[in-house]
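Now, the feature entries from Swiss-Prot:
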BINDING   10-15, 78-80, 113-119, H134  FMN binding site
BINDING   Y12  NAD(+) binding site
BINDING   W98  substrate binding site
DOMAIN    4-190  domain 'Flavodoxin-like'
Amino acid sequence: MTKVLVLYYSSYGHIETMAYAVAEGVESTGAEAVVKRVPELVPEEVAKSSHFKMDQPAPVATVDELAEYDAIIVGAGTRFGTVASQMRNFWDQTGGLWFSGKLVGKVGSAFTSSATQHGGQESTILGFIPTFLHHGMAVVGLPYAFQGQMGVDEIKGGSPYGASTITDGDGSRQPSAIELDAARYQGAHVAKLAAKLSA
């Protein structure tokens, strides 16, 4: 059975919600989805005073376990147009996996969030791609076959690079139905391709 890791970092819960939608998409294909998060780097008292979402039941991933999966779909909010440091820090510890080629041939994909429509969603997802390529992974996005990313009738995230959500500056906007559909589509798309590559 194809095994897919949905690995995320979420300060306020938006990416967490998207991660579980991605996992639903993975499971819709018959593949196994495992949802885990990366460790928090912010001191607990600072996280609490900043109103971070502290009750996230997903277990914390370890670097070594990445080799156990056929595909890895990562999600993290944008920070000034690039990947949040918590996720970047996690991947910066994968040198041993790179040296041994443990991720070569696996599928890599990414999703994100930002406060505004032009807050760096595409640059954040693109920020993951060099890491995937250095590991020898096959990069997969969100194809235009998902028609939900078309049109200008409503505010919505999502691009050919990957699913995304727009949170508003105060975090009050939750992922919309179309954004969650995009996450599910991406999860299913990745799982199907991973199954073919690992056959």
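Heads up, the Cβ atoms here are built off N, Cα and C, so glycines get one too.
G119 (FMN binding site) counts 21 other C-beta atoms within 10 Å of its own C-beta, drawing on all protein chains shown. When other Cβ atoms within 10 Å of the Cβ of the residue listed as 'substrate binding site' are tallied across all protein chains shown, the result is 15.
Using a 10 Å radius centred on the Cβ of G13 (FMN binding site) and all shown protein chains, the other Cβ atoms total 16. Across the fold, the C-alpha of T116 (FMN binding site) and the C-alpha of the residue listed as 'NAD(+) binding site' stand 15 Å from each other.
For the binding-site residues S10, T78, S113, T116, counting C-beta atoms within 10 A of each C-beta gives the highest total at S113. In the three-state DSSP scheme, W98 (substrate binding site) falls into the helix class.
Counting only same-chain residues at least 6 apart in sequence, those with a Cβ under 8 Å from the Cβ of the residue listed as 'NAD(+) binding site' are H51, F52, K53, T167, G171. G119 (FMN binding site) and W98 (substrate binding site) have their C-alpha atoms 31 Å apart, to the nearest angstrom. Each residue in the domain 'Flavodoxin-like' (4-190) has a pLDDT score, and their mean in this model is 97.
Rounded to the nearest whole angstrom, the C-alpha distance between T78 (FMN binding site) and W98 (substrate binding site) is 25. According to its DSSP assignment, T116 (FMN binding site) is coil.
Cα-Cα distance from W98 (substrate binding site) to S113 (FMN binding site): 27 Å (rounded to the nearest whole number).
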